[in-house]
(Lines of atoms letter the chains of each structure in order from A; the text may use other names.)
(Lines give C-alpha, C1' and ligand atoms only; values in the text may rest on other atoms or scores of the structure.)
Protein backbone atom coordinates (compact mmCIF):
# COMPACT_ATOMS: atom_id res chain seq x y z
CA UNK A 1 0.00 0.00 0.00
CA UNK A 2 1.27 3.46 -0.93
CA UNK A 3 -0.94 5.05 1.75
CA UNK A 4 -3.00 3.94 4.74
CA UNK A 5 -5.36 1.06 3.77
CA UNK A 6 -8.23 3.19 5.10
CA UNK A 7 -7.64 5.58 2.18
CA UNK A 8 -8.22 2.75 -0.30
CA UNK A 9 -11.40 1.79 1.53
CA UNK A 10 -12.56 5.42 1.33
CA UNK A 11 -11.71 5.53 -2.39
CA UNK A 12 -13.67 2.33 -3.03
CA UNK A 13 -16.63 3.64 -1.05
CA UNK A 14 -16.58 6.93 -2.97
CA UNK A 15 -16.52 5.10 -6.31
CA UNK A 16 -19.42 2.92 -5.14
CA UNK A 17 -21.38 6.06 -4.23
CA UNK A 18 -20.72 7.60 -7.67
CA UNK A 19 -21.87 4.37 -9.36
CA UNK A 20 -24.92 4.14 -7.10
CA UNK A 21 -26.03 7.68 -7.98
CA UNK A 22 -24.48 8.24 -11.41
CA UNK A 23 -25.74 5.12 -13.19
CA UNK A 24 -29.48 5.37 -12.30
CA UNK A 25 -29.69 9.14 -12.90
CA UNK A 26 -27.99 9.03 -16.29
CA UNK A 27 -29.74 5.84 -17.38
CA UNK A 28 -33.07 7.37 -16.33
CA UNK A 29 -32.28 10.40 -18.47
CA UNK A 30 -31.85 8.20 -21.55
CA UNK A 31 -34.94 6.15 -20.76
CA UNK A 32 -37.22 9.14 -20.12
CA UNK A 33 -36.11 10.84 -23.33
CA UNK A 34 -36.77 7.74 -25.41
CA UNK A 35 -40.17 7.26 -23.76
CA UNK A 36 -41.39 10.87 -24.21
CA UNK A 37 -41.43 12.09 -27.78
CA UNK A 38 -41.73 15.75 -26.76
CA UNK A 39 -38.27 15.53 -25.18
CA UNK A 40 -36.64 14.44 -28.43
CA UNK A 41 -35.87 17.96 -29.58
CA UNK A 42 -32.60 19.04 -31.23
CA UNK A 43 -31.56 21.08 -28.19
CA UNK A 44 -32.01 18.04 -25.94
CA UNK A 45 -29.73 15.84 -28.05
CA UNK A 46 -26.67 17.27 -26.34
CA UNK A 47 -28.19 16.54 -22.92
CA UNK A 48 -28.49 12.91 -24.00
CA UNK A 49 -24.86 13.03 -25.11
CA UNK A 50 -23.96 14.19 -21.60
CA UNK A 51 -25.78 11.20 -20.13
CA UNK A 52 -23.96 8.80 -22.49
CA UNK A 53 -20.61 10.39 -21.56
CA UNK A 54 -21.36 10.03 -17.87
CA UNK A 55 -22.28 6.36 -18.35
CA UNK A 56 -18.91 5.83 -20.07
CA UNK A 57 -17.23 7.27 -16.99
CA UNK A 58 -19.36 5.19 -14.61
CA UNK A 59 -19.04 1.86 -16.43
CA UNK A 60 -15.55 2.27 -17.92
CA UNK A 61 -13.82 4.12 -15.10
CA UNK A 62 -15.55 4.04 -11.73
CA UNK A 63 -16.17 0.28 -11.67
CA UNK A 64 -12.50 -0.41 -12.45
CA UNK A 65 -11.26 2.03 -9.81
CA UNK A 66 -13.57 0.51 -7.20
CA UNK A 67 -12.28 -2.99 -8.03
CA UNK A 68 -8.59 -2.06 -7.98
CA UNK A 69 -8.96 -0.05 -4.75
CA UNK A 70 -9.90 -3.33 -3.05
CA UNK A 71 -6.43 -4.65 -3.98
CA UNK A 72 -4.48 -1.47 -3.19
CA UNK A 73 -2.93 -1.15 -6.66
CA UNK A 74 -3.85 -1.43 -10.35
CA UNK A 75 -4.12 -5.19 -10.86
CA UNK A 76 -5.38 -5.27 -14.46
CA UNK A 77 -2.05 -4.88 -16.29
CA UNK A 78 -1.04 -2.68 -19.22
CA UNK A 79 -4.09 -3.52 -21.39
CA UNK A 80 -6.45 -2.88 -18.49
CA UNK A 81 -4.72 0.43 -17.76
CA UNK A 82 -5.06 1.53 -21.38
CA UNK A 83 -8.74 0.57 -21.51
CA UNK A 84 -9.60 2.21 -18.19
CA UNK A 85 -7.65 5.36 -19.02
CA UNK A 86 -9.21 5.54 -22.48
CA UNK A 87 -12.84 5.13 -21.38
CA UNK A 88 -12.50 7.47 -18.40
CA UNK A 89 -10.80 10.13 -20.56
CA UNK A 90 -13.28 9.62 -23.42
CA UNK A 91 -16.28 10.01 -21.11
CA UNK A 92 -14.85 13.07 -19.40
CA UNK A 93 -13.95 14.72 -22.71
CA UNK A 94 -17.34 13.98 -24.33
CA UNK A 95 -18.98 15.61 -21.32
CA UNK A 96 -16.60 18.58 -21.47
CA UNK A 97 -17.17 19.26 -25.17
CA UNK A 98 -20.90 18.60 -24.81
CA UNK A 99 -20.98 21.50 -22.35
CA UNK A 100 -19.17 23.63 -24.93
CA UNK A 101 -21.67 22.70 -27.65
CA UNK A 102 -24.55 23.32 -25.24
CA UNK A 103 -23.17 26.79 -24.45
CA UNK A 104 -22.82 27.61 -28.17
CA UNK A 105 -26.33 26.29 -28.91
CA UNK A 106 -27.92 28.40 -26.19
CA UNK A 107 -25.96 31.47 -27.24
CA UNK A 108 -27.14 31.10 -30.86
CA UNK A 109 -30.76 30.38 -29.90
CA UNK A 110 -31.11 33.13 -27.26
CA UNK A 111 -28.76 35.87 -28.51
CA UNK A 112 -29.43 35.28 -32.23
CA UNK A 113 -26.03 36.41 -33.55
CA UNK A 114 -27.08 34.94 -36.91
CA UNK A 115 -30.36 36.45 -38.14
CA UNK A 116 -33.10 34.06 -39.34
CA UNK A 117 -31.14 31.09 -38.01
CA UNK A 118 -33.24 28.11 -36.95
CA UNK A 119 -31.61 25.39 -34.89
CA UNK A 120 -32.46 22.04 -36.51
CA UNK A 121 -31.79 18.34 -36.00
CA UNK A 122 -28.90 18.51 -38.47
CA UNK A 123 -27.20 21.21 -36.39
CA UNK A 124 -27.69 19.11 -33.25
CA UNK A 125 -26.12 16.05 -34.92
CA UNK A 126 -23.18 18.18 -36.07
CA UNK A 127 -22.73 19.30 -32.46
CA UNK A 128 -22.73 15.69 -31.25
CA UNK A 129 -20.22 14.67 -33.93
CA UNK A 130 -17.98 17.59 -32.98
CA UNK A 131 -17.97 16.60 -29.29
CA UNK A 132 -17.01 13.01 -30.16
CA UNK A 133 -14.26 14.06 -32.58
CA UNK A 134 -12.74 16.39 -29.97
CA UNK A 135 -13.02 13.72 -27.25
CA UNK A 136 -11.33 11.10 -29.44
CA UNK A 137 -8.59 13.60 -30.36
CA UNK A 138 -7.68 13.61 -26.67
CA UNK A 139 -8.29 9.99 -25.62
CA UNK A 140 -6.79 8.12 -28.61
CA UNK A 141 -3.24 9.64 -28.88
CA UNK A 142 -1.97 8.03 -25.62
CA UNK A 143 -2.92 4.65 -27.10
CA UNK A 144 -0.77 5.19 -30.19
CA UNK A 145 2.40 6.67 -28.71
CA UNK A 146 1.73 10.36 -28.16
CA UNK A 147 1.97 10.30 -24.35
CA UNK A 148 0.61 7.21 -22.57
CA UNK A 149 -1.79 6.03 -19.88
CA UNK A 150 -0.17 5.14 -16.56
CA UNK A 151 -1.45 4.34 -13.03
CA UNK A 152 -1.76 7.65 -11.20
CA UNK A 153 -2.13 8.98 -7.67
CA UNK A 154 -2.96 5.99 -5.41
CA UNK A 155 -2.31 3.63 -8.38
CA UNK A 156 -5.95 2.50 -8.58
CA UNK A 157 -6.85 4.26 -11.82
CA UNK A 158 -5.04 5.25 -14.98
CA UNK A 159 -4.69 8.62 -16.63
CA UNK A 160 -2.54 10.60 -19.02
CA UNK A 161 1.14 10.79 -18.05
CA UNK A 162 1.67 14.24 -16.50
CA UNK A 163 4.32 12.90 -14.16
CA UNK A 164 7.28 11.94 -16.34
CA UNK A 165 9.10 13.01 -19.45
CA UNK A 166 9.50 9.46 -20.69
CA UNK A 167 11.71 9.23 -23.76
CA UNK A 168 9.85 8.47 -26.98
CA UNK A 169 6.37 9.45 -25.75
CA UNK A 170 6.50 13.26 -26.22
CA UNK A 171 4.58 13.75 -22.98
CA UNK A 172 5.50 17.44 -22.77
CA UNK A 173 3.86 18.39 -26.07
CA UNK A 174 0.76 16.34 -25.28
CA UNK A 175 0.29 18.04 -21.89
CA UNK A 176 0.61 21.46 -23.55
CA UNK A 177 -1.89 20.37 -26.21
CA UNK A 178 -4.34 19.07 -23.59
CA UNK A 179 -4.10 22.11 -21.35
CA UNK A 180 -4.58 24.54 -24.25
CA UNK A 181 -7.08 22.77 -26.52
CA UNK A 182 -8.97 20.73 -23.95
CA UNK A 183 -9.13 23.16 -21.03
CA UNK A 184 -8.36 26.82 -21.79
CA UNK A 185 -10.31 26.94 -25.06
CA UNK A 186 -13.45 25.19 -23.71
CA UNK A 187 -13.35 27.40 -20.61
CA UNK A 188 -13.09 30.56 -22.73
CA UNK A 189 -15.97 29.50 -25.01
CA UNK A 190 -18.24 28.64 -22.07
CA UNK A 191 -17.54 31.97 -20.32
CA UNK A 192 -18.08 33.93 -23.54
CA UNK A 193 -21.36 32.22 -24.49
CA UNK A 194 -22.94 32.34 -21.05
CA UNK A 195 -21.71 35.90 -20.52
CA UNK A 196 -23.45 36.98 -23.71
CA UNK A 197 -26.53 34.98 -22.70
CA UNK A 198 -26.79 36.85 -19.39
CA UNK A 199 -26.39 40.19 -21.16
CA UNK A 200 -29.14 39.28 -23.64
CA UNK A 201 -31.53 38.33 -20.85
CA UNK A 202 -30.83 41.58 -18.98
CA UNK A 203 -31.33 43.65 -22.15
CA UNK A 204 -34.63 41.89 -22.86
CA UNK A 205 -35.75 42.50 -19.28
CA UNK A 206 -34.87 46.20 -19.52
CA UNK A 207 -36.77 46.55 -22.79
CA UNK A 208 -39.90 45.11 -21.17
CA UNK A 209 -39.76 47.51 -18.20
CA UNK A 210 -38.79 44.71 -15.81
CA UNK A 211 -42.17 42.96 -15.51
CA UNK A 212 -42.53 40.45 -12.70
CA UNK A 213 -42.56 37.53 -15.16
CA UNK A 214 -39.42 38.80 -16.89
CA UNK A 215 -37.62 39.30 -13.61
CA UNK A 216 -38.46 35.75 -12.58
CA UNK A 217 -37.29 34.42 -15.95
CA UNK A 218 -34.06 36.43 -15.68
CA UNK A 219 -33.38 35.03 -12.22
CA UNK A 220 -33.97 31.45 -13.41
CA UNK A 221 -31.61 31.84 -16.36
CA UNK A 222 -29.03 33.62 -14.20
CA UNK A 223 -29.16 30.85 -11.61
CA UNK A 224 -28.76 28.19 -14.30
CA UNK A 225 -25.81 30.00 -15.89
CA UNK A 226 -24.03 30.55 -12.57
CA UNK A 227 -24.46 26.87 -11.67
CA UNK A 228 -23.20 25.80 -15.11
CA UNK A 229 -20.00 27.82 -14.79
CA UNK A 230 -19.44 26.82 -11.15
CA UNK A 231 -20.07 23.16 -12.02
CA UNK A 232 -17.51 23.31 -14.82
CA UNK A 233 -14.90 24.98 -12.59
CA UNK A 234 -15.49 22.65 -9.62
CA UNK A 235 -15.14 19.60 -11.87
CA UNK A 236 -12.14 20.59 -13.93
CA UNK A 237 -10.16 23.47 -12.40
CA UNK A 238 -8.65 21.49 -9.46
CA UNK A 239 -7.65 18.58 -11.72
CA UNK A 240 -6.23 20.75 -14.51
CA UNK A 241 -4.37 23.03 -12.07
CA UNK A 242 -2.86 20.12 -10.15
CA UNK A 243 -1.85 18.29 -13.32
CA UNK A 244 -0.22 21.46 -14.64
CA UNK A 245 1.65 22.00 -11.35
CA UNK A 246 2.93 18.41 -11.40
CA UNK A 247 4.03 18.80 -15.02
CA UNK A 248 5.88 22.06 -14.28
CA UNK A 249 7.46 20.74 -11.06
CA UNK A 250 8.56 17.26 -12.06
CA UNK A 251 10.95 15.85 -9.49
CA UNK A 252 9.21 17.61 -6.61
CA UNK A 253 7.94 15.53 -3.73
CA UNK A 254 4.19 15.03 -3.40
CA UNK A 255 2.08 12.23 -1.92
CA UNK A 256 -0.30 9.87 -3.76
CA UNK A 257 -3.32 11.64 -2.27
CA UNK A 258 -2.17 14.94 -3.85
CA UNK A 259 -3.56 13.98 -7.28
CA UNK A 260 -6.35 11.74 -5.99
CA UNK A 261 -8.40 14.53 -4.40
CA UNK A 262 -8.60 16.71 -7.58
CA UNK A 263 -9.50 13.57 -9.57
CA UNK A 264 -12.44 13.10 -7.18
CA UNK A 265 -13.85 16.45 -8.32
CA UNK A 266 -13.42 15.61 -12.02
CA UNK A 267 -15.07 12.21 -11.61
CA UNK A 268 -17.95 13.80 -9.70
CA UNK A 269 -19.02 15.51 -12.93
CA UNK A 270 -20.95 12.31 -13.68
CA UNK A 271 -23.32 13.42 -10.91
CA UNK A 272 -23.08 17.20 -11.33
CA UNK A 273 -23.95 17.11 -15.02
CA UNK A 274 -27.41 15.50 -14.79
CA UNK A 275 -28.26 17.50 -11.66
CA UNK A 276 -27.49 20.86 -13.27
CA UNK A 277 -28.30 20.33 -16.92
CA UNK A 278 -31.25 17.96 -16.69
CA UNK A 279 -32.89 18.12 -13.27
CA UNK A 280 -33.17 21.93 -13.61
CA UNK A 281 -34.88 21.46 -16.98
CA UNK A 282 -38.63 21.65 -16.31
CA UNK A 283 -39.60 19.36 -19.19
CA UNK A 284 -37.24 16.60 -18.04
CA UNK A 285 -38.30 17.02 -14.44
CA UNK A 286 -42.01 16.75 -15.22
CA UNK A 287 -41.52 13.69 -17.44
CA UNK A 288 -39.39 11.97 -14.79
CA UNK A 289 -42.12 12.51 -12.21
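Just so you know, glycine gets a Cβ as well, placed from its N, Cα and C.
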Please check, using only what Swiss-Prot records about topology, whether residue 167 lies on the same side of the membrane as residue 252. yes
Rounded to the nearest Å, what's the C-alpha distance separating residue 158 (disulfide bond) and residue 267 (N6-(retinylidene)lysine)? Just drop the number here, would you? 13
Report, as a single number, how many Cβ atoms besides its own are within 10 Å of the Cβ of residue 267 (N6-(retinylidene)lysine). 24
Could you name the stretch, out of 8-32, 82-104, 174-195, 224-245, 258-279, with the greatest number of CB pairs under 8 A to the transmembrane segment (45-67)? 82-104
I want to verify one value. Collapsing DSSP to three states, which class is residue 267 (N6-(retinylidene)lysine)? helix
May I ask which of the stretches 8-32, 82-104, 174-195, 224-245 has the most CB pairs under 8 A with the transmembrane segment (258-279)? 224-245
